[in-house]
Amino acid sequence: MSDLLRPVSTPDLAASAGRLREALRQSPPLTHCVTNAVVTGFTANVLLALGAAPAMVDIVGEAEMFAGVASGLLINLGTPTPEQRAASVEAVTGAAASGTPWVLDPVAIGVLPVRTTLAHELAARRPTAIRGNASEILALAGHTAGGRGVDATDGTEAAAGAAQELARTTGAVVAVSGPVDLITDGDRVVRIANGHELLTRVTGGGCALGAVMAAFLGTARQTGDDALTAVAAATLVYTVAAEHAAPVAAGPGTFAVALLDALDAVTADDVAAGARVSEETR
Amino acid sequence: MSDLLRPVSTPDLAASAGRLREALRQSPPLTHCVTNAVVTGFTANVLLALGAAPAMVDIVGEAEMFAGVASGLLINLGTPTPEQRAASVEAVTGAAASGTPWVLDPVAIGVLPVRTTLAHELAARRPTAIRGNASEILALAGHTAGGRGVDATDGTEAAAGAAQELARTTGAVVAVSGPVDLITDGDRVVRIANGHELLTRVTGGGCALGAVMAAFLGTARQTGDDALTAVAAATLVYTVAAEHAAPVAAGPGTFAVALLDALDAVTADDVAAGARVSEETR
Amino acid sequence: MSDLLRPVSTPDLAASAGRLREALRQSPPLTHCVTNAVVTGFTANVLLALGAAPAMVDIVGEAEMFAGVASGLLINLGTPTPEQRAASVEAVTGAAASGTPWVLDPVAIGVLPVRTTLAHELAARRPTAIRGNASEILALAGHTAGGRGVDATDGTEAAAGAAQELARTTGAVVAVSGPVDLITDGDRVVRIANGHELLTRVTGGGCALGAVMAAFLGTARQTGDDALTAVAAATLVYTVAAEHAAPVAAGPGTFAVALLDALDAVTADDVAAGARVSEETR
């Protein structure tokens, strides 16, 4: 951990997360996803379970206008076909014109050239948040050649400096997923120690979190919360739900199913009771 | 409810549904689906669970000939890539040439321009059935700007007149999905009050019903039943299965899994015992 | 069964399968899949449950280089869009250059022209293994017009001769999936009588096995085992897991979930205890 960071008191991030969770349930954010073919069904189910309204609109000629009416937008680069690449650019244009908050998930960049180029272009267009594993964040910040896929090959803390740098360069809140999730706006650094190893054994375990962040950013726009709070809330709600799901699972198959049930059930009180969150400011 | 409608005795729609359900199990209809990327796996699993034979053929150069040999066809416009748009037109051509019954599901039309144009073109090519939520049926009938996605934003009864009008214009049986499903051929109006709210919390809950309709239309072609009976049978079997699934579910995740088990298990007797169906004729 | 075949003692195929299963868990093979849109999520979950590292890279400009770094590659032709067709050719080129073992799964060839042409082209590029149902293997060997989709319409034994012939022509290990799985390198013929009928009621039940073969081929490259052993090991581990899953399933929905749990749990001892395998040599 950088010695530029010092602990500060953050008693109410968990409380804010719980408040946003209930606000989302009361007023489902229309969450526009341009996401990869592997996880699109699971991602929609995660959003529906949580109480959000998913819309997987990745068609050229539709994505721009839809991003303008959506509450939040996810651009996930996991399977970037030519149609999806063009639709992603359209969607970001629509989001920018309307102020729709959006999340960039640069899946497997570094190693794979087509998405790497696109990720750098999109990162320059001021995403509200960027979510990735340590390898992807390091690659997007220009530090390494990146990951070999959606698996992290670098530890979360190894990307802490790169995450802060990337946040300052892009203006985005940057979230590094891993055993401890690290979230930063360049100055504040939040660490969340919730979650469960089984999340890494389900395809879309990370990708769906990007969609949840887009949903919470949509809700935060209504409640007036900032982006760091929204991204931390998404992570807390999702990872606390994962902790509720794990004990009723017999393996990765039942875990994925139980996670959906838990996302439906999880309350503000559950988040407050379960959150393991700390914050430091540089 | 329009005062042009008057109740008539329809004691045997439930019996017909049960009979068709068993006929489907005895002779699995080859069900050709051109459907959206979000729900394609779930849709195939729904068809397999029911006892039908799914084939997700959405490739240009293959869709036309395949629609000609299939028992029934679904065209779902949820993620209409250029390849799928062309394949949809091909498939409808093949279905028309061979008399294959086909279902049009105009997902999220009204708001989204690319699919809206295509939906109107396809609706003019005499689908056997059209399935949508109230917003989508209203949009296809030209009454409103349509829905914001696969969620209904209008009540089912609000689309009753538009559904009858659309049925008369297109020659299709029109099914409006909602808490009460409404099915009409323009004269007869069937209402089915089965189903469960959890169906709206699973992605593909409605889209898969369109595929089930295509399967039942294929079976009805063998048994000599009419399209209204087939579409009502599909709806009854699917929604009665949903009612069987709900009590064993702890949330939307376990519900989706239990629905597949229930579709496999549901019998003619279950349908007869559970059906809540009424009919009126204009 | 051809009278050219005579039984030989093969006491240790099950032991080899168990050994490879544990080796895979110790060192997860990076398994590159170009697979169809219907099963991509389920396939990734099968690989993750087993302990492999899936990467669904089907993008032109990325597939060739990625196949070069992957441990094993699957080319599944279930939904061959133009992008996937070009990416498949790229991936096979990359695999050939780096010696990456690869599996060809010619889904629904024979009936459907686009994929049939491509399957023949790819089969001529020396796949390490070919997996299909009897109809598909017969079609690829030039014996019939092929299947009507992913369902077998011919019995497994009906394809035994065609499988041996195809193995000799292409140099591939050929696996014919069915109630009894038949695997041959042209000389040795292995039959595996494990598995469960519910595998045919889950979409991707067969397609995911092709991905598991690619994963085991990647592991075998490290352990020095031959391709026939790897393909037989994949089949044994997968079908023994299916037998563990079936008793805890209430239908096809719960079976698919239980299969993922069982793939995670299945051990070398389970495989040794459960294997029903025989071998003959021509």
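Placed from the backbone N, Cα and C atoms, the Cβ positions cover glycine too.
TrEMBL: automatically predicted annotations, no manual curation.
Here is what TrEMBL records for this protein:
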BINDING   B:Met56, B:Gly204  substrate binding site
BINDING   B:Arg131, B:Ser177  ATP binding site
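Distance from the CA of B:Gly204 (substrate binding site) to the CA of B:Ser177 (ATP binding site) is 13 Å. Listed in sequence order, the residues of the same chain lying 6 or more apart from B:Gly204 (substrate binding site) and placing their CB within less than 8 Å of its CB are B:Val38, B:Val39, B:Phe42, B:Thr43, B:Val46. The two recorded residues, B:Arg131 (ATP binding site) and B:Met56 (substrate binding site), show a Cα separation of 19 Å.
Chain C comes close to B:Met56, taken from the binding-site residues B:Met56, B:Arg131, B:Ser177, B:Gly204 by a C-beta to C-beta distance under 8 angstroms.
For B:Met56 (substrate binding site), the same-chain residues that are 6 or more apart in sequence and have a Cβ closer than 8 Å to its Cβ are B:Cys33, B:Val34, B:Thr35, B:Thr40, B:Thr43, B:Ala44. Taking 8 Å as the upper bound (exclusive) on CB-CB distance to chain A, the binding-site residues B:Met56, B:Arg131, B:Ser177, B:Gly204 give B:Gly204 in sequence order.
For B:Ser177 (ATP binding site), the count of additional Cβ atoms within 10 Å of its Cβ stands at 30 [all protein chains shown]. All protein chains considered, the CB of B:Arg131 (ATP binding site) has 33 other CB atoms within 10 Å.
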